[in-house]
Amino acid sequence: MNDYEDATAFLGEWGRFQQQVFFLLCLSIVPNGFMGMSIVFVADTPPHRCLIPANVNLTAAWRNSSIPLEEESHSDALVPSKCARYKLEDVLSFSDRGLLPGVDVNLSNVPTESCLDGWEYDQSMYISTIISEWDLVCDDRWKNPLTSSLYFCGVLTGSFVSGQFSDRYGRKIVLFVTMAVQTVFTFIQVFSPSWTMFCAVFFVVGFGLISNYVAAFVLGTEILGPRVRTVFSTAGVTLFFGAGYMLLPLFAYFIRDWRMLLLGQTLAGFLYVPLWWYIPESPRWLLSQGRVEEAEAIVRDAAKMNKIEPPPVIFSAVNMPLFFLCSLLWNTVTIAYFALSLNTANLHGNAYFNCFLSAVVEMPAYALSWVLFRWCSRRLSLSSTLFMGGLFLLFIQLIPANLIYLAITLEMMGKFAVTTAFSIVYAYTAELYPTVVRNTAVGTCSMASRIGSIIAPYFIYLSKNALTSAVSLSPATTHFLVEKKTQEKLVLLQKQNNKNKSH
């Protein structure tokens, strides 16, 4: 809106008013980065195995050998099965008769059964996740990616509905109402008694999270001047989002229980209530609704804050061009971004460090997006970053399996390029649409991209299943490995017994 820019040029670009709007709106984005990726830890799957009830009277040898051994998916090591155990009735019979596993009993001939008594989970990394609390493993492991997909269904719905409400009722009211929705429903989520309720509430949390992000983004682009707007829409909101993302692994490291982690997010959300009195409504939106006096009042208050005398008449007629942005671009960027972000828990090494590293690479990416947006054409900026992201990820397929850290480096470089493109596409879209439909337009494009975020968890799920299938063992190989491992254990036990007798 060139006429609006001319009418408010007397305010300057970077007075106290613009600084306040810039930093407070950016600050309101921090919880989005913190909450948006919390599912990485809330729904991570700890190491687990079938539970052998403590009241079952088994000898130490049979209790240690009650779980079949299988080859781990990413190495040659033998580990206890996650989804099967030797038939407990038979194991109890062998134990009562004084038979030894692997010596008197050939373990490959012992029938197996599912985890009828549940699972026991390793608590070295997490006290509790929704996976360990509701046993979303083995036959129910499909619920894990569905949890993230339902969240992104909420994001999709919020992208569209909030845009309609924002263009009708105002940017500010939608910003704060949806921040309240996000905070209150995250608090309700803490007390979820079942996975079904958790997912239902998580849908609403996703609705609120994207809605307040889009409202804050549009509000800032409409209030700030051209130069500051470019910084705000590329580096500003994204760097603060990245800061929230970086805080997530730090909090998750010290808060290992998923309910307490969500409760901490809720308490942080209440800190943003005072911002209502410091963030104004968009004068552009007020003008599009014919509320000229309210728009002028905000601009005059801004002039007073900047210590500038406003002219007697501020606003005149407005000219509004309209452009079209292909939603396919949004969809492609979203699939890449969320698939790479949600995959951090599956990378080799420490999950907390990998998540932090994934967040850190976003910071220079957001800074680069501002540089590209400032000095390069929009189409060149988008095409180059998308091309580089795809190229880095393609190179991963050519890396030998033993060069794990090189593969992680390439994945992070791909994440860097995709994040840069994600930042640019938001700012580009906000430039293309006029005020009267800007929030709806950004919301609609964002809604279209949520199809990508919904299916992104299944890219990870399918890749893990493919890997598991590729390394599955034949019965003969399994028998050989089990017998070999058992014999090694028995030799060590015999040596220990001989040593004790000699003493």
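From the backbone N, Cα and C atoms, a Cβ is placed for every residue, glycine too.
Please treat TrEMBL annotations as automatic predictions, because they have not gone through curation.
Under the heading transmembrane segment, TrEMBL lists 20-43, 173-191, 197-219, 231-255, 261-279, 313-339, 351-373, 385-406. If you look up TrEMBL, you'll see 90-503 marked as domain 'Major facilitator superfamily (MFS) profile'.
Annotation: stretch 351-373 has the most Cβ pairs under 8 Å to the transmembrane segment (231-255), among 173-191, 197-219, 261-279, 351-373, 385-406. Tertiary proximity for the transmembrane segment (197-219) is limited to same-chain residues at least six positions away from its ends with a CB under 8 Å from its CB atoms, namely 25, 28-29, 32, 35-36, 130, 146-147, 150-155, 157-159, 161-163, 166, 171-172, 174-176, 178-183, 185-186, 188-189, 233, 237, 241, 279, 282, 426, 430, 438-439, 442-443, 446, 450. The stretches the transmembrane segment (261-279) and the transmembrane segment (385-406) do not meet in space: the count of Cβ pairs below 8 angstroms, excluding pairs fewer than 6 apart in sequence, stays at fewer than three. Per-residue pLDDT, averaged along the domain 'Major facilitator superfamily (MFS) profile' (90-503), amounts to 78 for this model.
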